[in-house]
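> To start, I am sharing the structure in question, which I have written as structure tokens.
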Amino acid sequence: MAIPAVFSSSLAVRSAVGAALAAVIAARAVRRRSLDASGGAAGFVVMAVHIACGYRYGALLLAFFFSSSKVTKIGEDRKRSVEEDFKEGGQRNWIQVLANSTVATILVVIFALISGGQDQCLDSNSSKVITGIIGGIIGHYCCCNGDTWSSEIGVLSNEQPRLITTLKPVRKGTNGGVTLQGLLAATGGGLIIGLAFVIVGLFTAECSSNMALRQLLVLPISAAAGLLGSLIDSLLGATLQFSGYCSVRKKVVSKRGPTVTKISGMTVLDNDAVNAVSVLLTTALTAYVCIYIF
């Protein structure tokens, strides 16, 4: 299928579109308290760069941002009583924005430099490097979305979470606690990214006849990457991130104190570091799988 002219525009046009769209979306996100001012500024830069490097990769970022923002707002009253650092609307700052986008931003810039900004299909016969980079970008956002969906929907489950390392029941909000509902949500979060990649790719990339249908394999790969990212995050959270119950606040907290009874984990990584490590691992693994399969 020929690529429509609107999707094969120059870097200058994509940059202008990216800056305009990023400004509107970042301002809206700050106004709706999905991002604070610093998060809005960081989000503007990240979004503009993604769109400038390729419309499909801007679409992946937007699929993650909009869907994760929606699930964050579900059941806010119940989350307020459980989450240690609950913020109205799930407001994120610049650190959280960059933790969820830095690796992908680097990859989309490398992709644009290698490909000249022309979108490509997953095809190792054509280029293993480009296939690995695209796979890494997919894995990155599958991990981010899967982990967010798992956390935000899993905490609303009526079943008691179980610590991923021991399967013992733990309090809601414990790092590394998993539920079936949360794991299914992680899979769905990854699948959303895969759908965005495939659908937008119909308009931005021209595949050879023998590879066109194989692009649909991105869907199960994305679902698996969303689940894998959430499992890695939970494993790191259960072992390297402290969780304890505060008898004063009546909540699970991530810092030690005289009124805190330890539940699990060591004080090695904070939540942002756990997210960054799980994203990096899922990105690398998904890149390898895509090179192997395609």
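Placed from the backbone N, Cα and C atoms, the Cβ positions cover glycine too.
TrEMBL labels come from automatic prediction, so no person has curated them.
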> Of the ranges 7-28, 183-204, which one does TrEMBL list as transmembrane segment?
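Based on what TrEMBL states, transmembrane segment spans 183-204.
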> Are there residues at least 6 beyond the ends of the transmembrane segment (97-117) whose Cβ is under 8 Å from a Cβ of it, and what are they?
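Sequence-remote neighbours of the transmembrane segment (97-117) are 10-11, 14, 35, 39, 42-43, 46, 49-50, 52-54, 57, 60-61, 64, 129-130, 133-134, 136-137, 140-141, 144, 272, 275-276, 279-280, 283.
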> Near the transmembrane segment (41-66), which residues from the same chain, at least 6 beyond its ends, have a CB less than 8 A from one of its CBs?
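Answer is 7, 11, 14-15, 17-19, 21-23, 25-26, 29, 34-35, 94, 97-98, 100-101, 104-105, 108-109, 111-112, 117, 119, 137-138, 141, 144-145, 148, 192-193, 195-197, 200-201, 204-205.
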